[in-house]
Amino acid sequence: MPQRTPYPWEKNMMAASKETAAPGGAAPVSGARPAAKPAQQVTLDLFSSGASPSSSAPEPDLVPLDAYGASAGEYISADEGAPAQAYVPTDYVPAETYAPADYAPARMAAPALPKVDIDSLNPAQREAVVTTEGPLLVLAGAGSGKTRVLTYRIAHMIADLGIRPWQILAITFTNKAAAEMRERLGALLPNSTRGMWVCTFHAMCVRMLREDADLLGYTGQFTIYDDDDSRRMVREIMQGLDIDQKNFPINMIRGKISAAKNAMVGPDEMLEKASDPKERKAAQVYAELERRLRAANAMDFDDLLVRTLELLRTRPEVLDKYQERFRYISVDEYQDTNHVQYEIANLLAAKYQNLMVVGDDDQSIYSWRGADISNILDFEKDFKQAKVVKLEQNYRSTGHILNAANAVVRHNSQRKEKRLFTALGEGEKIQAYQAGDERDEGRWIAGEIDKQRSAGVSYDDMAVFYRTNAQSRILEDMFLRAGVPYKIVGGTRFFDRAEIRDVMAYLKMIVNPADEMSVKRVINTPRRGIGSTSIEKIEQLARENGCSFFQACELACAETGRFTAKVRTALGSFVNIVREGRRMDGELKDVVDAIVDRTGLVQAFRAEGTMEAEGRMENIQEFMGVAAEFEETHDDIEGTLESLEELRAAGMEGVPEDAA
């Protein structure tokens, strides 16, 4: 049989297998000290996520390229153009027995690992765990132990069947779920999951694009625009096109653009198919948005998915590389995948067909953001040989709750039949109260809390969920009147605070000076006398010279006839901050320290002399501590920025919002 040339990641595995020991790594850090436990208080939370319409995932993420080993200290490098070379233990792939993947077995002799206790699973869970070959649909009802099934199945494949961990791809819906799965796998298989990808769709796409973005006309150092960056760019475009935001709200425009992207519809096609003025205006903005993103070497959250699908569709060698790499794929929360995610998963699994999807059509709640319920409903049509396993035993709720849930959901005709049951008994009956108005509702809730408190229940163990932000006002009013202590969950998060976003914008700009949105965010932060008129002149200069906004800033320093001496001096100072930052090759903390010092951010807050300004200075100091901690697990600013953006986008996992 002729041998093909191994892929770069395979070569690195061969080389790594010759090493006597893999370099260790510190576990990912939380980024802040835990805050002191507050006094007991009721928690108020918003039931709906309120996420941006620009992404189908509730937590669009920016992830560290090198931090997706399955347990603490197991890091993947990305040098020599490899998608994810791993330090591979010699008991997995001895160098002398390695064979190219074309004829290397998908499995090998199982390493000396403890057997996975699948006998502790219920019959349905066990059936899902031992079904490792071919397409598999697991319909997992609420509280049925799906995460346990996912982790035990992966552990069973590695420990009992000898499947290579680096040929397993586990896609989750949120960063929190990915972290939980890595933690559980690390407990089941200590130091035995290196090279495995456990991440969200967005995380996976970032890693693929970092390696092969040049094939799509980007560089590997492209900037990822978060929701705020994208919104500001769309607003600027609408202003430039003289589109009235009262008649054409920015959220509506962005929503239509996002829907078009996730349907793989380009600006020209969108304009051609436009049936009303709203569609036509959105298509015009879409075209200019694409142009600006390309010029800035940047992608938004939708682009991460769309460009990855484009890469896999148009570059057979890239698709083949990842199909060979990932022979066993699982996707969690499949009911909430959108069309692009569906296409990516199917492409990656097309060669070996070992695709396991887990979900519950009864829990699909993201159709308004592009999730397509037909992905899970039609799985058996897409994969004719698919096996279906139903997880119907609930371990979380009592009988009365499940009976009520079953009674409600059975009226949905577009669903897979299943009926949840439990061994926990009937439990307490559900209470329902029909209030006369919102104030009556608030008074009743406050009264129930008072009853629970009198019965010895801690305020910390009580929570009130409400559907919209507007509903919190009445609840807060009633709680204040009743003397009930409470806190609102979801205030301004650490990485959403203006001063933190400013420092991160400076870092982004140093990594990628073509990042127009980051440059514009901080060109006059702190105030240095570069106002909107000067910015418009710089934009005009950029158009005249066909250059980036930052390059136009450099040119403006010598434009004596167009800019005043004061503005030119301010621009020169601003440009030098970026140039000096790009020349620095020291530790990240030193770069952040230099930015904070040379920009005068702290000095500006100190000059204000207010309590708010003092808090902002403390936040910056906390950020510098976070930067120092991230140095232990990241080799460059780019990777650190992605980690920090991931934390920010994921709702501050790992950095408590009240840490500052």
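Glycine is treated like the rest: Cβ placed from N, Cα and C.
Annotations in TrEMBL come from automatic prediction, not curation.
Looking at 15-64, 415-464, 515-564, the stretch flagged in TrEMBL as region 'Disordered' turns out to be 15-64. Within its own chain, A142 (ATP binding site) has D360, D362, Q363, N394, R396, S397, A405, L420 as residues 6 or more apart in sequence whose C-beta sits under 8 angstroms from its own. Non-local neighbourhood of A140 (ATP binding site): K146, V149, V358, G359, D360, L391, each in the same chain, at least six residues away, with C-beta under 8 Å from its C-beta. Long-range C-beta contacts of S144 (ATP binding site), restricted to its own chain and to partners at least six residues apart, with a cutoff below 8 Å, comprise L391, E392, Q393, N394, Y395, L420. Listed in sequence order, D360, D362, K390, L391, E392, N394, K418, L420 are the same-chain residues six or more apart from G141 (ATP binding site) with CB atoms under 8 A from its CB. In the three-state DSSP reading, A140 (ATP binding site) counts as strand. Sorted by the number of other CB atoms within 10 A, the binding-site residues G143, G145 start with G143, the lowest. Sequence-distant neighbours of T147 (ATP binding site): residues of the same chain at least 6 apart with a C-beta under 8 Å from its C-beta are A177, E180, M181, R184, D332. There are 21 other Cβ atoms within 10 Å of the Cβ belonging to K146 (ATP binding site).
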